[in-house]
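Engineer: Relevant sequence annotations retrieved from Swiss-Prot are reproduced here:
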type     : residues : note
TRANSMEM : 1-21     : transmembrane segment
TRANSMEM : 30-50    : transmembrane segment
TRANSMEM : 66-86    : transmembrane segment
TRANSMEM : 98-118   : transmembrane segment
TRANSMEM : 122-142  : transmembrane segment
TRANSMEM : 166-186  : transmembrane segment
TRANSMEM : 198-218  : transmembrane segment
TRANSMEM : 241-261  : transmembrane segment
TRANSMEM : 274-294  : transmembrane segment
TRANSMEM : 298-318  : transmembrane segment
Amino acid sequence: MSFVLILSLVFGGCCSNVISFEHMVQGSNINLGNIVTFTQFVSVTLIQLPNALDFSHFPFRLRPRHIPLKIHMLAVFLFFTSSVANNSVFKFDISVPIHIIIRCSGTTLTMIIGWAVCNKRYSKLQVQSAIIMTLGAIVASLYRDKEFSMDSLKLNTDSVGMTQKSMFGIFVVLVATALMSLLSLLNEWTYNKCGKHWKETLFYSHFLALPLFMLGYTRLRDEFRDLLISSDSMDIPIVKLPIATKLFMLIANNVTQFICIKGVNMLASNTDALTLSVVLLVRKFVSLLLSVYIYKNVLSVTAYLGTITVFLGAGLYSYGSVKTALPR
């Protein structure tokens with residue numbers, strides 16, 4: 001498959017996924033994060049099910065696993081917890097642009113966890129770029145809608161446009177990002193030990209997590225009901241059948257989520273890690289700009305400078321990653 005088509009899946013799927021999600025939460029007083037996460041897990045499970053089943057016998061059964069079940073279960077815990085946290089942060093007054101910016105600190109967290117847990121060593125350029133990204137993320141978060149001033153350096157969070165609610169939201173994003181960093185390191189170890197069976201990992205990470213959603217069945221039911229009654233209706237394109245707008249965007253979000261995941265995995269299998277990192281970085285930048293432009297999200301000049309700093313640091317890290325992390 002051509003590189004252009006793969007890039008189209010990555011940019012089209014991932015950017016559209018961000019836009020469809022923001023369209024659902026924009027101007028809404030209800031939290032839809034759990035129902036979005038649940039439907040995404042169901043969709044990916046169903047789409048990946050044919051790859052996981054052995055059709056040579058009846059009744060059909062799951063194919064033999066290449067990776068131990070306990071490894072899948074640990075990955076499920078990290079992935080599920082991180083996904084639920086990421087999709088729930090918007091009820092804490094965190095906008096999509098700020099969400100994207102903070103998640104860029106994942107490189108720094110991965111580096112710290114890799115050094116502390118996996119005994120990895122990193123080049124000076126990688127460490128410097130990680131510090132640059134972290135500083136940029138902090139600046140963009142603290143001064144999201146107010147400009148920097150000397151008075152704002154005092155510890156009164158209100159002076160920089162922060163509240164206890166939004167600060168807790170930032171904490172949730174950071175925890176979710178740290179869990180994803182742990183998951184990345186776990187997957188790296190798993191692929192090195194058991195082989196690069198990413199399709200198996202993708203299926204089990206979603207399939208095994210489905211029972212966990214039953215712990216919040218009441219919340220899922222209420223969110224789905226609110227999704228239907230709190231939304232205007234629209235006509236489905238082509239067939240012209242009426243449907244709740246937010247429900248339509250939920251379906252679109254699930255479709256674009258699969259396209260995004262497929263494009264990223266295809267890109268990972270057709271190029272090197274540096275190119276993948278650069279492409280995903282540019283994709284995040286495009287998502288950020290689209291969110292600000294389409295939904296008129298406000299970012300101060302200081303926040304823009306912080307954003308530029310984040311992506312500058314990420315670019316330097318991508319360049320420095322040509323020399324991979326060395327074991328101690």
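The backbone N, Cα and C atoms fix where each Cβ goes, and this holds for glycine too.
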Engineer: Any chance you could find the range in 122-142, 166-186, 198-218, 241-261 with the most Cβ pairs under 8 Å to the transmembrane segment (30-50)?
Structural biologist: 198-218
Engineer: Which range out of 66-86, 198-218, 241-261, 298-318 gives the transmembrane segment (1-21) the most CB pairs under 8 Å?
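Structural biologist: Between the stretches 66-86, 198-218, 241-261, 298-318, 241-261 has the largest tally.
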Engineer: Please work out which recorded stretch in 66-86, 166-186, 298-318 has the most C-beta pairs separated by under 8 angstroms from the transmembrane segment (198-218)?
Structural biologist: 66-86
